Every structure is written in C-alpha cells, then in structure tokens.
Amino acid sequence: MANQSFAIDGPGSLLAVLASQSGLARGSSGGGSSSSGGSSSDGGSNSGGVSATNMSAYFKLVFLGLIICVSLVGNLLVSLLVLRDRTLHKAPYFFLLDLCLADAVRSAACFPFVLVSVHNSSAWTYSALSCKVVAFMAVLFCFHAAFMLFCVAVTRYLAIAHHRFYAKRMTIWTCAAIICMVWTLAVAMAFPPVFDVGTYKFIRDEDQCIFEHRYLKTNDTLGFMLMLAVVVLATHGFYAKLLLFEYRHRKMKPVQLVPAISQNWTFHGPGATGQAAANWIAGFGRGPMPPTLLGIRQNLHNQHRRLLGMEEVRSERRLGRMFYTITLLFLVLWAPYIVACFWRVFVKSCTIPHRYLSVTVWMSFAQAGVNPIFCLLLNEDLRKVLRAHLPTYWRTKQHLPQDEAYCIM
C-alpha cells in the first residue's frame, strides 16, 4: 500500500482522514472476500495481517480524534468559565486556566500530526525542521504541566498551612510571575535538543516526533528524564506533607472545664456563666452587681470572622482535592511511558513490546482530555458558573414545577 501524504487544514480534513481510513479498511476486507478459492495460505495470512493493521490504525484515528474533540471542547469551556466569571478570578483558577489553555494548544498543534502519521502507515511526510518543531512543542507541554502542577502543590500547602501568608502574598501579579517562571523552565528543558543536545526525531513505534531515548552512554536523555521524575515525585511529596499537616491538626485539645468561684451566690471566674446575674436579680447574695455579659456580644464579630476563615479553609481543601486528582491522573497516565523511557536509557539494545509502547503513548495523549472532565466533576464552583451561563431555556426547564393532580369539588 503506497503512503498518502496530505495536510490537515481543519476539522473537515480530520473527518476526511477518518473516512478515507475507513474506506481502506472496508476495501481490504472486500478484496480479501472476493479473492478466488484457489489462493494460497500465505496470501490469506497476509490479507489477515493487512486487515488487522488497518483496523488498528482505524482505532487509533478514532481514539485520537475523540481525544482532540474532548480536549478542545472541555479545556476551552473551562477557560471561558474562568475568564467570564469574576468570582473565579483567584490564584488557583488562574493556574487552572494556564493548564487548560496549554492542553488545548497541545491538542490543536501536536495531535493532528500524529493523525497524519498514523494514516500514512507510521511515516513522517514533512521536513526534518517541522519534526523538530513538533517534538519541541510536545516536550514543552509535558514539562510545563509537570512544573505547573508542582507550583500548584506548593501553593495548596501554603493555603492550608500558612493561610494568612497565602492570602496576603498570592496576588494576581504573583500568579503571573509563577506562570512566567513555569514557562521559562519548560522552555529551558525543551530547547537544548533543538541544537542536537540529544535529538528530536520521528519515532515510528510511537507515531510522533519526540525526544529519542537511547542508551545513556550514547545520548543525554538521562538528565531530562531524571528532572521529570524528580518534579513529579516532589509534587506528590508536597501533597503528602499537606495530608500530614491536616492529620496532625485534626487532633484538637480536650476542653478543660474551670469551675466557677462563689462566696455569696455571685459566681465569677473563667467558668462563670449567666447564672450569676440571674441569682443576683432573684435576691441571692449581697455582693456587688456581677459583671455584665457584654463580652459575648462584643466577640460576635470576631467569631463571625473566624467562621468565614473556616469556610475559606474548606474551599481551599476542596480545591486541593481537585488539583491532587489532576496530579494523580498525570502520574497514572504518564508513568508507563516514563518507565519505557528509563528502560531504553538503562538497558542497552533493549526491545520494548510494540503493544505496550503504543498503549503508553496513547495514555499520555489522553491526559490532555481528562483534566477538564474531572475539574467539572469535582469543582462545585465551576458547575455553578456553568449552570449560570447555560441558555435561559435550559435553566427554566430544569426548575419548572411539575403539574400536580387536583380535582374540582
């Protein structure tokens, strides 16, 4: 089968890719069924192999097309919600906005080239320079997500363990500085291979242009992989530290009851209550008028502020759970591919099973599409904003009262 080269210019071209691949699969199966009965067994096995290859390519195209659609729609939806609603203009949502926009750009800029390579039987039909650019972007977005999730973990710990410092220092300019720092670090990690420090090339087994991971004595890939692994482990270390902090502060000190002091029925002292005033009014005791209980009313304002602080802490904890879920998904979906990369680095002339490598690569692709889904599932504020921006027809339809049966007497 001759390779076909084309360029993807939009969603219509993606549909054309899927349709042409489906036609190839049907044509190969139809050709096999119309062959004469006297064909050899070798011809039958070759036809079966070609059909299996076409079905595998068709499945990859459909799966990656689904990832692209879900990623673009979900990430752009979350980004629009954060931008349009002023109640979400907070530090954690600014970081979430950066993550969603990066995943959307990755899906729109990198994944279509993977579609083309899969359609062309795992072949790169563009120039070597374009392959370096696509590989640079793929590595850039991977390190950006890792560094951003690490910074989010640090800010989540500060929001719970040092809430006053976090509320005072975490301004919009601080968020902008953190985002710029993350992009700078990601560019610093992804840029050296452009000048052949290591190498960017098309990997046929992965259907993509990416950093070529080879034996450690023949390539500089070990430093890049160690940096990624250290950042991921440090991120989970901060969440473990946050969990330990919350566990230690759950153990509240027991209440110590201090008995009230009384010589003539006018109770006073730390354990006194309003019973002293009631006894004095009733005529018990001849001592001075007991102190008024205005202190309780004076502390209501401080108590109200304390309750607001506790509500803020609960909100920060909910955000922490959402971001940890995103971090855990990043680890689960990228860990198999990282293991395969370390396998290539430390084992000379190793052969990784093709099926395992394909599954790990496509799991790393899926990471760009699952984040917005879990953000909407785990974040109540995002769901409220989404319901508020739904069309009026759908909002009124959900809240219309049901007609009740009645009878006229």
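Glycine is treated like the rest: Cβ placed from N, Cα and C.
What TrEMBL records for this protein:
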- 74-375: domain 'G-protein coupled receptors family 1 profile' (DOMAIN)
- 61-83: transmembrane segment (TRANSMEM)
- 95-115: transmembrane segment (TRANSMEM)
- 135-159: transmembrane segment (TRANSMEM)
- 171-191: transmembrane segment (TRANSMEM)
- 222-244: transmembrane segment (TRANSMEM)
- 323-347: transmembrane segment (TRANSMEM)
- 359-378: transmembrane segment (TRANSMEM)
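Between the transmembrane segment (61-83) and the listed ranges 135-159, 323-347, 359-378, the one holding the most Cβ pairs under 8 Å is 359-378.
Three or more CB pairs closer than 8 A are found between the transmembrane segment (323-347) and the transmembrane segment (135-159), so contact between the two stretches is assigned (pairs 6 or more residues apart). The list of residues near the transmembrane segment (95-115) in space but at least 6 beyond its ends in sequence, with Cβ under 8 angstroms from a Cβ of it, reads 8, 14, 17, 61, 64-65, 67-68, 71-72, 74-76, 78-79, 82-83, 126, 134, 137-138, 141, 144-145, 148-149, 151-152, 155, 175, 178-179, 182, 207-209, 323, 326, 365, 367-369, 371-372, 375.
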